[in-house]
Amino acid sequence: MKLLWKFNSAFPEAQAKEGEVRLAGSKTSSEGRVEIYHDGTWGTVCDDGWDLAEAQVVCRQLRFLGAKSAVNGGTYGEGSGPIWLDEVNCNGTESDLSTCVFKDWAVTDCTHKEDAGVVCKSSGFDTGYMLDHSLALSEELGQVFDSGDGCDFQIVVQSTTGNKQLDGTLETVQTTICAHKMILSRFPLFNTSEENTISVHVSLSCQPYFTSFIRYIYTRKADVTFSSAQCLHQMASKFGVKQLMEDTGRLFSKFLPQDVTFHTPVSLYEYSVETGDFLLKENCLQYMAWNYQNLTQSPAWSHLSVKLLGALLSRSDLVVSDEYFLLVSLEEWISQRGNLISLESQADLLKLIRFPMIPAEKLYELQFNSTLYNAHQDVYGSNILKAFQFNVLLFSTLKNNPVFKKDEDDYQARIYTATPWAATIDRSAVKQSSGSQSRRNYPAINYGYDYRYNYRYTTVSPYRHLRQKSFSTPVHNSLIFKTNVIQWEANIFMSQSDCSNRGVRCESFPTARLTAQNSLRQYQSSIRFSNQLLLRCQGKYICQVQDFKNDLSHISTNGSQGLPYPCPDGQYDYQFVVIPNYI
């Protein structure tokens with residue numbers, strides 16, 4: 001039972017103005033999907049780079065006190081119409097969202113699954129009060145199902161065992177569940193029969209979980225294990241129980257890292273393709289892309305389908321040491337499969353390699369070292385030529401070449417972790433330094449005055465240097481910039497004093513910082529840095545990849561915003577990756 005009081009004044013709806021924002025997709029006025037009015041049409045905002053600074057601007061524009069949180073990933077449902085804004089970058093002090101920096105109106109590569117949202121701080125004048133007894137209702141409906149009282153709908157659950165009977169037919173095992181037609185009526189497949197009986201066929205391994213599935217429809221609660229998750233997901237998909245399907249799909253994130261053989265991610269990907277579950281498919285692809293090098297060393301590697309490998313090679317969030325490693329691993333995979341892969345499919349996969357990103361010295365060696373060069377001379381020849389042009393021609397010359405398309409993936413760097421593009425601060429350094437500071441209760445640098453001896457002193461934490469690393473990279477992957485070097489400093493801040501000592505303000509801890517030590521101004525017109533922070537769980541698998549905003553990256557944890565793939569005890573190696581691309 002819910003009682004809801006709202007105190008509003010009713011005014012006629014006025015015509016929206018250019019740049020006006022509103023919240024949609026929520027029953028509460030202080031939170032929802034962000035929509036903005038432009039060119040006579042309401043549209044949404046992509047969540048790329050969306051964080052608290054942007055949320056603050058939206059909430060103040062709507063006359064709230066401020067923002068509680070920025071919400072990503074279509075939490076408030078998918079909007080419709082144009083996606084007006086992408087990669088929004090606010091300082092947090094702007095009066096209107098449209099005055100923040102963004103690509104341009106309607107310039108985006110997002111879908112409505114990435115619609116951004118906010119939760120605002122309510123002023124108190126539009127507050128809802130709720131009495132929510134839904135938990136008791138769930139328990140009571142569960143008791144109704146368990147007792148079977150008043151049930152009027154028979155569900156016959158059938159499974160074949162695979163054993164042949166004397167008459168040659170397969171042996172069938174069945175159970176009968178008595179349910180209530182009114183409660184099941186929301187789901188059309190239970191209404192296909194005018195009778196009060198329906199037969200359902202499920203696999204023998206999933207039959208034990210069908211009762212739990214029906215009980216979920218009553219209670220909206222279910223205990224899910226690794227063994228039952230795929231069965232419940234399959235049943236939810238078949239009968240259109242969308243919430244259960246989505247939630248079990250998210251649970252797979254917890255299971256993916258547990259299987260070092262990678263059979264689980266691969267089988268779940270194949271299953272997601274069969275069922276058309278986009279979220280599960282993306283979840284599996286993302287995990288395998290982030291952990292591609294582990295995948296190449298797993299038992300599942302040689303059995304990947306052409307479709308799955310092609311989907312991985314198409315991604316820019318593929319984490320590898322360098323592009324040459326990617327080519328070598330692909331050549332080895334093709335060689336292992338032999339005649340099972342057609343020459344056409346081999347060529348299609350090779351074309352997904354970003355040859356311009358391969359170091360120039362490796363490009364020259366390909367014609368001598370590649371195991372597939374002779375079989376695919378056209379593919380290698382044209383791509384090596386394109387790569388050498390990329391390495392020896394200035395961007396101003398290259399972009400005027402009609403063959404060159406700057407938006408092609410071939411010219412976009414992936415996430416390369418080899419020297420010189422990456423540096424790592426390992427978990428032992430962070431754990432040691434943060435633990436020692438908490439015991440001694442002093443910041444990284446502490447200034448003071450000792451009146452007994454009349455002198456100033458400075459106390460420097462002996463562990464501070466463990467959470468800092470300096471390294472250098474070329475300005476760009478192109479050989480032209482080999483001698484144009486940028487010095488970078490990487491830090492992990494564990495306290496506000498760490499941040500204050502560097503002149504920055506951190507919203508949460510730990511916070512990572514990656515900053516150039518020399519000016520990038522001369523390159524801003526042609527090169528953009530899309531640097532990334534990788535969290536490697538216990539040195540085993542990558543559980544998070546996130547970007548930097550104003551040189552800072554606030555690190556999610558198991559207990560805060562949640563990691564895509566959980567990490568026991570939050571023990572991470574922090575890997576800083578520099579990614580330059582032509583604009």
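The chain as shown is numbered from 1 upward.
Backbone N, Cα and C atoms are what each Cβ position is placed from, and that goes for glycine too.
Per TrEMBL, Cys110 makes its disulfide bond with Cys46 among Cys46, Cys59, Cys178. All protein chains considered, the CB of Cys100 (disulfide bond) has 17 other CB atoms within 10 Å. Look at the domain 'SRCR' (21-121): DSSP puts its residues at 16 helix, 35 strand, 50 coil. Cys46 (disulfide bond) sits 14 Å from Cys100 (disulfide bond), taking the Cα positions as reference. Of all the disulfide-bonded residues in the list Cys59, Cys110, Cys120, the shortest Cα-Cα distance to Cys100 (disulfide bond) is found for Cys59.
A straight line from the CA of Cys110 (disulfide bond) to the CA of Cys90 (disulfide bond) spans 19 Å.
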